[in-house]
Ligand SMILES: NC(=O)c1ccc[n+]([C@@H]2O[C@H](COP(=O)([O-])OP(=O)(O)OC[C@H]3O[C@@H](n4cnc5c(N)ncnc54)[C@H](O)[C@@H]3O)[C@@H](O)[C@H]2O)c1
Ligand SMILES: N[C@H](CO)Cc1c[nH]c[nH+]1
Ligand SMILES: [Zn+2]
């Protein structure tokens, strides 16, 4: 992991570049998969799953019997932990169900906004390199709170029992053994076995994210939630070993993950690199984290203003502010998916159980897109109710604008009522 001192703004594009892969190769593979599933439905799902995952599937949907068996195989300890996480995620997401607006804009002109749930939602749960049980909670609980009627999950074929338990715990209707772009295409276009959904949610690797972006011409998606990334700003009140542990917690996701620490002294940078190396050597997923460490950096800057410029430029998926006065500084952060304040808010807390959602925009999308929340599972409809008196008052404005646009029939729809 490189230490870089006071990099000039002109070098930021290369220093803070996300790990590159051959996107054109991934895109062409994903395009072929989507096209195949669209044209050939279940036959394509079976052939592609054999080719990509090496598994010959007889049934795509996981049966009730398998789910029941999985539920009894899961330990009581994990069940207890998931209950804690569920409670906190529900509390935080239920609180997001705010009242709609209702405004009388002029006498007799009433405008309001009402929320409606999206009917059928497709939830992608990653399972390539690790079975992300927590993602089931992060997607299914907000969907249920929003009032979605049908929830389906797709996850790579060797489905861990813990995922099935979590699905049952959160009231998911169906679970399909489908992974990557195959799953996204099935949910986007539907096949004989998989019903087309109204919106696709969930994180995943580059195959999943590319597929979601490609099908987004035809079906709504939550956002590009790709390889994990974390930026940590640490001053002398931080502990280097905590910072290193937080970096490694994201680097173990995949070789294309990225962790960037922004610190204020050479000594701290040196101590961080040392403890990072020590902790890395002891990790069970050492090889993955080691290859992601090549994409990672420690940046030394002079002051918090420079650190804030870097944060807002990079727009990290996760930002940890391990600095004195973190609460005072957080208001100056313009772009980040989710922020963790102080020395005792590790990112793992948000990944699993504090209550916030872990499905977050990566690759700089936090500049313009929010992470998943209850709003993601709803749409808001505007409604207006105008009285005769209200229309009389509003008519001159409508008619003048209709005249300016040369749209006579628009004007007539008002004047005929006057
Ligand atoms: N941004 C977020 O909110 C967030 C949250 C959780 C996880 N993540 C990220 O999700 C990712 C999970 O990735 P994963 O790989 O473990 O699981 P995954 O389920 O996303 O991907 C596995 C699937 O990728 C497909 N695939 C793999 N190689 C392929 C190939 N050569 N050709 C075609 N398809 C191929 C297969 O279908 C396989 O089932 C990680 O990068 C992690 O960082 C992001
Ligand atoms: N850090 C991931 C989001 O980038 C979420 C996750 C799930 N499990 C563990 N971590
Ligand atoms: Zn994580």
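Here the Cβ of each residue, glycine as well, is placed from N, Cα and C on the backbone.
Not measured: the values here are computed from a predicted model.
Substrate binds 228, 250, 253, 351, 405, 410 as TrEMBL records it, and from the list 93, 318 the residue named for this site is 318.
In TrEMBL, the feature transmembrane segment is placed on 121-141, out of the ranges 100-120, 121-141, 142-162. Here the recorded positions are 317, 351, 405, and the one ringed by the most other CB atoms within 10 angstroms is 317.
Residues 78, 82, 85-86, 89-90, 93, 148, 150-156, 158-160, 162-163, 165-167, 169-172, 179-180, 183-184, 187-188, 197-205, 208, 212, 253-254, 288, 351-353, 357-359, 372, 377 of the same chain, all 6+ positions outside the transmembrane segment (121-141), place their C-beta atoms under 8 angstroms from a C-beta of that stretch.
Spacing of residue 253 (substrate binding site) relative to residue 318 (active site, proton acceptor) is 14 Å (Cα to Cα, whole number). DSSP classifies residue 228 (substrate binding site) as coil under the three-state reduction. Residue 351 (substrate binding site) sits 10 Å from residue 318 (active site, proton acceptor), counting Cα to Cα. In this structure, of the recorded positions 253, 318, 410, the smallest number of CB atoms within 10 A of the CB marks 410.
A straight line from the CA of residue 228 (substrate binding site) to the CA of residue 317 (active site, proton acceptor) spans 7 Å.
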